[in-house]
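J.: Per Swiss-Prot, signal peptide is recorded for 1-26, and the stated evidence type is sequence analysis. Annotated N-linked glycosylation site per Swiss-Prot: N43, in sequence order, evidence recorded as sequence analysis. For C89-C99, C112-C118, the entry in Swiss-Prot reads disulfide bond, with the evidence type similarity to another entry.
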Amino acid sequence: MDKSFTLFLTLTILVVFIISSPPVQAGFANDLGGVAWATTGDNGSGCHGSIAECIGAEEEEMDSEINRRILATTKYISYQSLKRNSVPCSRRGASYYNCQNGAQANPYSRGCSKIARCRS
């Protein structure tokens, strides 16, 4: 009785696991010389190539996304700052973008707090 219950419980758990897992197809790919995997469930990414191809495509997408975000920024480094052995603005306290006499280096104002040790 005890052995049959253990066998029944094991088979029930196995059937539940098989039913709940997404279907996966595996086949031999002649052109790649290996096994190609593709998920066919709703949770799959839709990639039907080898694992390396799917991961490679994902990495290319991330790379282009990072490059797009970097290029979309408005901050830039001027050509003058990129020249060898040159200082962008030699005036002490002046902004690199507004290197003029009396130009503010930091045009925004902060509130006074204990940590800033400002004098009132």
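Our numbering is plain: 1 for the first residue shown, then up by one each step along the chain.
Note that Cβ sites are derived from N, Cα and C of the backbone, with glycine treated the same way.
Note that the coordinates shown come from a computational prediction; the quantities given were computed from them, not determined experimentally.
Each of the listed features needs to be described in terms of its position in the shown structure.
T.: In the three-state DSSP assignment, the secondary structure recorded for C89 (disulfide bond) is coil.
In the three-state DSSP classification, C112 (disulfide bond) falls within coil.
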J.: Sorry to bug you, but what's the C-alpha spacing from C89 (disulfide bond) to C112 (disulfide bond), rounded to the closest Å?
T.: 29
J.: C-alpha of C118 (disulfide bond) to C-alpha of C99 (disulfide bond): distance in Å?
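T.: Answer for this pair: 26 Å between alpha carbons.
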